[in-house]
Structure formats: C-alpha cells, structure tokens
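Record features, source TrEMBL:
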BINDING   29-35, 57-59, 324, 350-352, 432-434  GTP binding site
ACT_SITE  30  active site, proton acceptor
BINDING   30, 31, 32, 33, 55, 56, 57, 58, 150, 164, 243, 258, 322  IMP binding site
BINDING   30, 57  Mg(2+) binding site
ACT_SITE  58  active site, proton donor
ACT_SITE  161  active site
BINDING   318, 319, 320, 321, 322, 323, 324  substrate binding site
C-alpha cells in the first residue's frame, strides 16, 4: 500500500505484514504437537513445515479416522488451507507420495492440489537412508551405542546439504541430464566412504524422473510465496515444528539429537521469513516427560511409575514403533526451551494419563554435588550426573478425560497446572485430556 501523502513515513505495522503462529515441541518430541496444530489448522489459510523430514510422526484423529503424517504438514486435512513444505525440510519423494496415497485411501482427498513445495528444499535419496542405517551400525560397533535415529536418511541428507554436495528440488526439475550427472557424483561420494553401499543408479534415476513430473505442479519459489502471503491481505499462517527443543542440533542433548534446528530460529531459516513476522510461539509439553532412543533423561523413572506412564500413555513412537522412555515432568528442560523459543503460551497434553497416580512429582532443579545449577548443562557426562530436585503433589485420583473446561478439572489437577505455569512463567493456554479434538480444554 502506498503512503497516503508523499514523504509521509509508512506506519510500522503496515510494513510488518501478517504474522505466523508457531507450534514447537518443548521436550524430546511426541508431545502432541499434531493435536495443537490440528486445532489451529481449522482456521489457518497456510500451514507450513520448516525443518526435519519424514522422521517426524504426527497422528491426527478426525471424525474417528486416524491419519499419520510424517512429511506432509498435518494441516493438509484442512481442505480450505494450503500446506507448504519449506526450504529447510529435507524431502524423501518416495516417502512423500506413499504417505499421501496411504492417507488418501483413508479419505484424504485432493491433497496434491493443496500442497506447495519449496524449490530450495533438499532431497533425501534412498541411499541416504541406507547410509543412515550403516552409520548407526558403525556407531554401535565403535562406541557400543548408536544415536537411535529413525533411519530415514535425515542426518545424511543434512550432511550432504552442509557439505555442498546435496541436490535440491530445483535441481530435479531443471535439466535432467545435469541432475543425473550430479546424482551419480553424489552416489560415488558416498560409496567411497561406505564401500559396502550398492546403488542401482539407473533404476533410481528412472524413479526420480517420474517423481519429478508428479512433483512439478506443486513446486514454487518458497521465499517469494511466503513474502506474498505475509504482505497480501490478512491471512492466518501456521508453522508446525517437527521434533523438539531438546532434539535441536544446537540446543539439544548433543549428540543424541536430530540434524536440524527445531527451535524458533528454524522457522526463519526454514521458510525464508524475517523474525518480525513471527507472532505467537506455542510450546507443547506433556504433563510428564518421554524420550525415544538413547541419551540423558534426568527425570526418567525406571520403575513401576515409568511403566505405568508407558502403558497408560500408549508411549510408542509413531515413526519407529519403539517404546518410549517415561518419567516425571521436568521443568528445567521446559524453562530451557522457553529461554530459546520465548513461548507466548503452552499446551499441556495428556494430563489424563496421571489420573490414577497417588502422588505426582515435578523436577524443579538440577543439583551437582548438592548445589543447584542455574542452567541446563551442555555436557552429556554432567547431565548424566545431575541429581533432580522434585516438588511432590498429591494425585487427584479422578478421571479427567471427560473434562471440557477448566472448572471440570479437580482442584488438585488445577494446582498442578498452576504450579507449572508459575514456575516456567508462561501461561498454559490448553490442557489436553484425551485423543480427539474435543479433549483440548482451552483456558483463554
């Protein structure tokens, strides 16, 4: 819009444009982000993914149907919205189309017409997935432990990207001869590192050529698309984070992390938008803590409590089918996630899983040789050594799954929630007490 009079300075807010709402995991993943996104996606015009790949696993239940999403933004269910896969995402094309087709059989119609893919996104190839498996085996042999990756090729694809040898969507859609040469070079590159790696290059290229044509109608310049969306008429834009704060390549429990930034900075770099256009940042946390794979987990309960949380919470990975490790809510990690992300509000999920407990503990601080430490340790050896200081609450011993508003919750559950809120210093906007859409109590 042009300034109303010559030489008059344009109002700042007019220049800002629309703001995006961000939903991020505040723990080690599997917090129920899909449900929060699903709730907000019904209103959204554009739903974006900005990092990760099909190592994410989001389950969304609509009208009794369960959809599983890995690479598609879970907002793809919204027939009125556009779903966007940003440049920061690494895309395994066979996985993308298989996922779309599988969900289509469950009733997801017209998803290909609602999907936009950034031409700057990097590609994950089948051999990246093979290499992922080989690296895990190698780690197991050398260090006696692996990272516990999903073996979806995400790490190797981001490695190719950082090594400047990766191939992008725009390369696949350009001159195919040129692409083929670069693909062959990439394969040779990996074969020199992993002599046991065999790749049927011709077969791969044939498949990729077919995928290219199916993908072509969906591809746009993501930066330009987002710019137009932010500066056009008012729009509700939602960004769905994958993985979580403690799995972030920079801020997570390295090396037991994913290979992208799953904190708020990943939104700007993964979509090509300025920080000024970031609005609400919603953190999602369970009412307890879970972790999949290995790595430090201070509040882990290797006892009957942990077992109860695992069985009652059906804590099994959507992507891997692995049993998740369970423990008490850890407010040290939530405060740390808030320091990095600046949450404007929090969604607390799966409160109902705690319904049967006599007492409930919450980790409030870490101690090293008896002294509280004010920060979350970067060093894993130190994190393994910390002693957790707990606050203990009486259980409410009441079924909360039918609660639909704040006043339906038992007083003891209310004080548990208020304690969390006050300790982190972030308001809790939603409390989840079950699987379906109706089970998210909105507080304000």
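Each residue, glycine too, has its Cβ placed from N, Cα and C.
One residue stands out among the binding-site residues 35, 322, 323, 324 for having the most other Cβ atoms within 10 Å of its Cβ: 35. Residue 57 (IMP binding site): 19 other CB atoms within 10 A of its CB, across all protein chains. A simple Cβ count within 10 Å picks out one of the binding-site residues 29, 32, 321 as the most packed, and that one is 29. Among the recorded positions listed here, namely 30, 59, 161, 30 has its C-alpha nearest to that of residue 322 (IMP binding site). Cβ-based neighbour count (10 Å, all protein chains) for residue 59 (GTP binding site) stands at 16. Here the active-site residues are 58, 161; the one with the fewest Cβ atoms within 10 Å of its Cβ is 161. Within 10 Å of the Cβ of residue 55 (IMP binding site) there are 27 other Cβ atoms, across all protein chains.
The recorded positions near residue 57 (IMP binding site), taking a 10 angstroms Cα-Cα threshold over the set 29, 30, 35, 161, 324, are 29, 30.
Among the listed binding-site residues, namely 150, 243, the Cβ with the most fellow Cβ atoms inside 10 Å is that of 243. If you take the CA of residue 35 (GTP binding site) and look 10 A around it, the recorded positions you hit from 55, 58, 150, 321, 323, 324 are 58.
Residue pair residue 58 (active site, proton donor) / residue 433 (GTP binding site) shows a Cα separation of 17 Å. The shortest Cα-Cα distance from residue 321 (substrate binding site) to any of the recorded positions (29, 30, 150, 351) is found for 150.
Between the C-alpha atoms of residue 32 (GTP binding site) and residue 323 (substrate binding site), the distance comes to 16 Å.
The IMP site in the record is lined by 30, 31, 32, 33, 55, 56, 57, 58, 150, 164, 243, 258, 322, and its two most distant CA atoms lie 34 Å apart.
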